[in-house]
């Protein structure tokens, strides 16, 4: 028991260590300071950064030309333009930003592992609750649906009441649902508890993206979204942990106890380090930046003496103290219409860039989280393989390897975009990051062909692993860079866009997983996985060429539509605009 437990704990903490090490190694990567700015005791002794970058007429096209006094990264001005305020999340220390990124990434890892881990128990659930394999698999499918649709309520909530209280509240709901899962005695009770903990954790599908957008500059976002994606993808190793616990001779209930323990520890960590990031940026004094700004709302004012910049005479408020940063109430956005935000989020399905992210996430989650985890345990425990039920979760090793091999390419889109921006005389186009996806465009469909024919013809188990590695290696690129591209390319209310993304992707993945076992029984593994799913994935991946060639034209057209006007009027946070 000791070895499996140790391995489980190490695997659970690996995303945390990976994110912390990778992010902490670069306190402020490639940042070149301009004319020295104000350094005051109230800003923690840190110099505030400055920039005059601005968005051009077409959303997604940004002028990063450097002016005198600008701080730069990759030789380009920083964007968005930070406020002359140490409480602006863009001005926070790298350590503070890294801790927030670690917490939200670990939350995504834990919630995804809790969602997918019980997939190795489908056979056990069917026997214990006297149900069919299809009904037992619905404990994952319907939980997956709640995982997406919870954002319909939780995302507008953090927009109206603040990121911090909603994150802490969602962690309480998540832990309560897990605790219930460990205690229930009926199928319906387990289904209800699964829906509760996945509904609570659904905010972690949107909040990390929102926080990255709140606290990091444009040139940092691709890499930071990559770190978050690593942890999200490693959540697919949940079945491996569940298998370890079975191997130790324990009930399936232990898995939920372990997830609950880590969730409770994460709540304590989040309470201490995740400061409220909702901040309405005012135009800097003397700045001609045309960015859309809005009034400051609902945040506590630090109680200390203010200081003044010697260059402009602008008043610099003091940095909040640690105790003040622990406050989880006081934010209330009066102008944020809760119900209108929910209704308006559905209009983002009409935005091509957002729709591409939705189909990308939905298809890859449907494949990696559901299709592979449903089919492999049932195939590998039957003849001619006859593996033990205890080893049926080892397909998670292939998922882990696929994502692990892709991690070194995390900074590639930021680096490519920076290089192309320099060649374009400081003008950055949103499509400049997409070129890194070309080499893997056909890899995932090929992986589905391998997996489908391995299941159809009972090929060696290595073929299953090879197909999963190929598919998940490709999915890491598409997860990370399509999301960064959508955020870059369209003037949007990020909260509303994330609602649409989460609803759409979970609905698609739910549709791909629902009655999947009946489909493959009726039509065969090769037809459904290599044929139908492979064709759908190929069409989605080939959309890359459309956006690389015509993405700017699409952005220009969309910016003139009534839809874009509606979305621009709803913008309150400064994103990439």
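Heads up, the Cβ atoms here are built off N, Cα and C, so glycines get one too.
Positions annotated as domain 'Major facilitator superfamily (MFS) profile' by TrEMBL: 97-555.
What TrEMBL records for 282-313 is region 'Disordered'.
Taken from TrEMBL, the feature signal peptide applies to 1-24.
Summarising the annotation, TrEMBL assigns transmembrane segment to 99-127 (among others).
Counting same-chain residues at least six beyond the ends of the transmembrane segment (139-159), those with a Cβ under 8 angstroms from any Cβ of the stretch are 111, 115-116, 118-119, 122, 125, 165-167, 170, 187, 190-191, 194-195, 197-203, 205-207, 210, 278, 333, 336, 338, 341-342, 345, 365, 369-370, 373-374, 495-496, 498-499, 502-503, 505-507, 509-510, 513-514, 572. As annotated by TrEMBL, transmembrane segment applies to 139-159 (among others).
Distant neighbours of the transmembrane segment (165-184): 104, 107, 111, 114, 154, 157-158, 190, 192-204, 207, 253-254, 256-257, 259-260, 263-264, 266-267, 270-271, 274, 328-329, 331; these residues of the same chain sit at least 6 beyond its ends, with a Cβ under 8 Å from one of its Cβ atoms. Marked as transmembrane segment by TrEMBL: 165-184 (among others).
Among the features that TrEMBL reports, transmembrane segment is placed at 225-246 (among others).
What TrEMBL records for 252-274 (among others) is transmembrane segment.
What TrEMBL records for 348-372 (among others) is transmembrane segment.
The annotation transmembrane segment is assigned in TrEMBL to 392-411 (among others). Within the chain carrying the transmembrane segment (392-411), a Cβ under 8 angstroms from the stretch's Cβ atoms is held by residues 18, 22, 119-120, 222-223, 226-227, 230, 233-234, 236-244, 246, 368, 372-373, 376-377, 380-381, 436, 464-466, 468-473, 475-477, 480, all 6 or more beyond its ends.
What TrEMBL records for 432-455 (among others) is transmembrane segment.
Taken from TrEMBL, the feature transmembrane segment applies to 461-486 (among others).
Same-chain residues lying 6 or more positions outside the transmembrane segment (523-550) and placing a CB less than 8 Å from one of its CB atoms are 352-353, 356, 359-360, 363-364, 366-367, 371, 375, 431, 434-435, 437-438, 441-442, 444-445, 448-449, 451-453, 455-457, 474, 478, 485, 512, 516. As annotated by TrEMBL, transmembrane segment applies to 523-550 (among others).
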